[in-house]
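Copied over from TrEMBL:
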type	residues	note
COMPBIAS	1-10	compositional bias 'Basic and acidic residues'
COMPBIAS	14-23	compositional bias 'Polar residues'
DOMAIN	93-515	domain 'Major facilitator superfamily (MFS) profile'
REGION	1-36	region 'Disordered'
TRANSMEM	133-155	transmembrane segment
TRANSMEM	167-193	transmembrane segment
TRANSMEM	224-241	transmembrane segment
TRANSMEM	253-273	transmembrane segment
TRANSMEM	337-354	transmembrane segment
TRANSMEM	366-388	transmembrane segment
TRANSMEM	395-415	transmembrane segment
TRANSMEM	427-450	transmembrane segment
TRANSMEM	462-484	transmembrane segment
TRANSMEM	490-510	transmembrane segment
Amino acid sequence: MKPTEQKTPKLVETSPNISTDSSASEKGEATSQQQSNNGYALTVDEVIEQHIGALGFAQIVHALLVSIAWTFDAQSTLISIFSDAKPAARLLTTGAIVEGSMLCGLSTGEWEWVGGKSDTIVSEWNLICEHKFLVALPSTLFFIGSLFGSGVYGYLADSWFGRKKALLISCLLTFVTALAISFSPNIWVYAFLRFANGFFKSGIGSCCIVLATEVVGKKWRGQVGQYGFFFFTLGFLSLPLMGYLERKSWRNLYRITSIIPLGYAVFLLPFAYESPRWLLVKGRNKEAMVVLKKLARRNGKQLPAELSLVDPIQGRDDRASSSSEKFWRTKWAVKRIVMVMMAGFGTGFVYYGIQLNAENLNFNLYLTVAVNALMEFPAVFVGSFLLGVMNRRPLFSISSYLAGTACLLCAVLSLHRVTTVLPATKWLQLAVEAVGFMASSTAYDVLYVYGVELFPTNVRNFAVSLLCQAFMLGASAAPLLVALGRENAMMSFIVIGTASVLSGVLSLWLKETRNAPLYETLTQQGKAEEMENKTECS
């Protein structure tokens, strides 16, 4: 916004009996009145909209910088598609290629793995026949680890560490655990390290999307929130290539993907900003103003010298109380997070279920995964466009319904009588599955952005982490469904499709947030929404 178009600033009354405690000033913990003796105070939203710009060069670069971390979030999450895949075997007598299920009852001297024993964990540890369900254990534990880790990182990012430090810790520990996985001596150590990897990487998604969206204007939150999903898609798309190049060694695949988060944490993350909203809520007003001044300067603007920030917390005595405790004592927030998590459970189950269930399609695994990854790109761009013109709630619902319908069609196309009548069934099934995956990806992305907007700053990362927990809880059930799909592909698609439709229905009880302000505290948001409801009723 041009200076001539700026709104009239809010004047703040000053008191002649203001404390001059220098220690409080040094800590950046002065109240808004102490900071505004000779000027005026604005909220972070007002500073962004009036003086920095809703979306400028600085915010775009910052959003891209923090969103890059989604690349190895995708790689850590989906690497098991290749490392845990079921390989083909060959009968030594005839040279015929057979699936692992046909090897039961044969002696080890009658067959061999086509790709060698180091191809996947299945071939290395012979996870077939009575041990076949052990293949689902590592992926399930990975998602369970992500479930618990999301809650921990959400609390730390809202309380002690902030968004940037929590992201740094998550990246470094993702590197350590991914590298350790490549040295696993057996399936049990491998499963435990996958749990640890899921736990430690779980801070990436929630911290990235919150960091990216908290410094832009309300009009652009949805679009900026999509940056992370674009990089998630790049990470996803890189897996078929790396998986093919390292198809002879699942251990090397883990070693390659482990280096990327380390390089990001050392060379790129130091240039990102901490969230000024979080700094302000924690009483670090001067640091918040420094970040806002940097953003303004990089956008070719300058903040007025007399400008200060409105302190969103009236009284700092209860600052020590945890955001999670306040959260669970607030009825509207609890009801809202329950609905969000229920929708998130179904969405996570569908999103990861479709990807992991790719091996149950009658198609080449590398091509199927590549097609799914490519479908993420239109999902990101279409989602970004629709977030700018549509309300969040109907967009999420429609995407969920479409994904569910596509999965149910895949179930029909899995019927033996259909495959015999239609020779090109496998191509049609791949196309329908790709459309379903694109819709599920859009629903996943929209719900992530939706979750950011539904809660205030002092619990936003915690709330988003709870949504991540719901995603991961749903995802943890997906590997078991995939194992079931190896015996009955049609049933697995029916379950996924039903879950997607139910998720869309649940969103009908959520509040619409498009173009709504981002509040700083639970109390502030509760009062504002109560007044809004009264206005609508009258």
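Here the Cβ of each residue, glycine as well, is placed from N, Cα and C on the backbone.
Outside the transmembrane segment (133-155), and at least 6 residues removed from its termini, the chain residues within Cβ reach (under 8 Å) are 77, 80, 84, 86, 121-122, 127, 166, 170, 187, 190-192, 194-203, 206-207, 322-324, 352, 356, 461-466, 468-469, 472-473, 475-480, 482-483. Between the transmembrane segment (490-510) and the transmembrane segment (224-241), fewer than three CB pairs separated by 6 or more residues in sequence fall under 8 Å, so the two stretches do not touch.
The domain 'Major facilitator superfamily (MFS) profile' (93-515) scores a mean pLDDT of 87 in the predicted structure. Same-chain residues lying 6+ beyond the ends of the transmembrane segment (427-450) with a Cβ under 8 Å from its Cβ atoms: 205, 209, 213, 221-222, 225-226, 228-229, 340, 343-344, 347-348, 350-351, 354-355, 358, 361-363, 368, 371-372, 375-376, 378-380, 382-383, 386-387, 392-393, 395-396, 399-400, 402-407, 409-410, 413-414, 464, 467, 471, 500, 503-504, 507, 510, 513. Using a Cβ-Cβ cut-off under 8 Å and counting only residues 6 or more beyond its ends in the same chain, the transmembrane segment (462-484) has close neighbours at 77, 80, 132-133, 135-136, 139-144, 146-148, 150-151, 153-155, 157-158, 198, 202-203, 205-206, 209-210, 323-324, 327, 333, 337, 340-353, 356-357, 359-360, 444, 447-448, 451-452, 454-455, 491-492, 495-496, 499.
Sequence-distant contacts of the transmembrane segment (395-415), counting only residues of its own chain at least 6 positions beyond either end whose CB sits under 8 Å from a CB of the stretch, comprise 343, 346-347, 350, 354, 383, 386-387, 422, 425, 428-429, 432-433, 435-437, 439-440, 442-443, 446-447, 450, 489-491, 493-494, 496-501, 503-505, 507-508. Listed by sequence, the residues of this chain that lie at least six past the ends of the transmembrane segment (224-241) yet keep a Cβ under 8 A from its Cβ atoms are 55, 59-60, 63-64, 66-75, 78-79, 81-82, 205, 208-209, 212-213, 216, 366-367, 369-370, 372-374, 376-377, 379-380, 383-384, 387, 441, 444-445, 448-449, 452.
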